[in-house]
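Notes follow once the structure below has been shown.
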């Protein structure tokens, strides 16, 4: 960074002269005219009125603080810190507190963990648009811990056969499900009520993806069925096609069943058993890229200009702009790699496979030379892991054994922007060797859970039973707040009682009854004499 004053080298020269003169018992130092011009009225010579300066004053004034730097430079330094480190820095001084609480810094931290919110208040009731990014981050971080609390289960009935796919659109509070009955159904996330359903699409639907503008479903016949959002419609999509015409479309090109779908603001991604991943333009609905694999494609997750996909037992990472292969993870699982998830930064990939294992990989380095490291492995299931979903810091898996596992990867997913810019690994050897087991297992299902999704304090899953279950943790936050309020009231009452006892003892008007009794009957007295007197008295009375 270029500074206006380029004469700071004379400061070190002056200090060297000062040290030499101090060794020779010289008391004063001659400061050059250029040094006075370089630091007018502040810095090293802020307290000087003449050109004569003592050596001790020069050495003392040279010890400058970070707050003497330009605010823009301090903000750039603070942007490299973790949230916990930012909180510590904000307690140092008022200047650092104001800089450490800037919206731009906390907005970047928030987006790295959860992405930018689509709507102004995505966190539910009580979130105001006037809140700062730091306040939103603290609240979201607090809410991320509720998956270890109590929950309620909502069961959605309506499908006549197994449910193969579920998709949770938290910003619109909608749930989309489909499966072997060939119908896409839409549900209300809050109430768990059925809203609408499509006509039978003619084949099994194995994949569904949605955002606030587009809903797509992939069938085993190789087509993609889509619905565009209708402006002004309460539930966004007209699945029946009766209210607004020309909002439904179907595109063909795949030569095998479609197993996975994903959306980003400009593209549609589809994976199929024809061993290809196709990238479509959302506006023209034309295929713009074909990524060919060596085996069936089971899952895919796009991020920015890359897309990760699973084919057979391998994991591929592609550049979507050029269509080139960046890296391959060979033999990620024993058998097929069925499921895939990715962090919001795109640097961490989670896989689940036929062997019942779950792996976490980290991608480092620039795109042409990307390196992949295995970070952690979990074995919580006794059957294949069919689906994965990730929302910081929770990795949720669904398996054929009828169980859901919840893994907190907070310690492994340390968001450190210093290492992000250097493109180096952020996981230490200690992290790799001390991988915690899943923090929670959810039971109560039949066999074969095919799909799971997470968001808005809820976990949604569907399976062979033909029902959709919603694990609702949203009320856990209210219960926790109520419990905290009750603990505060009990503590306050305890302090009041203690205060009253101290006031009563300080007045001295009423002493403790136990102490009075102790004074009248000393414990160290001659008890035998008392008993003899009593016996004597009893003898006299008898006489």
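Placed from the backbone N, Cα and C atoms, the Cβ positions cover glycine too.
What TrEMBL says about this protein:
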type	residues	note
DOMAIN	63-109	domain 'F-box'
REPEAT	156-197	repeat 'WD'
REPEAT	251-290	repeat 'WD'
REGION	519-543	region 'Disordered'
COMPBIAS	532-543	compositional bias 'Basic residues'
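Helix first, then strand, then coil: DSSP counts for the repeat 'WD' (156-197) stand at 3 helix, 22 strand, 17 coil. The DSSP breakdown of the repeat 'WD' (251-290) into helical (H, G, I), extended (E, B) and coil residues amounts to 0 helix, 24 strand, 16 coil. Here the repeat 'WD' (156-197) has a mean pLDDT of 94 out of 100. For the domain 'F-box' (63-109), DSSP puts the residue distribution at 32 helix, 0 strand, 15 coil.
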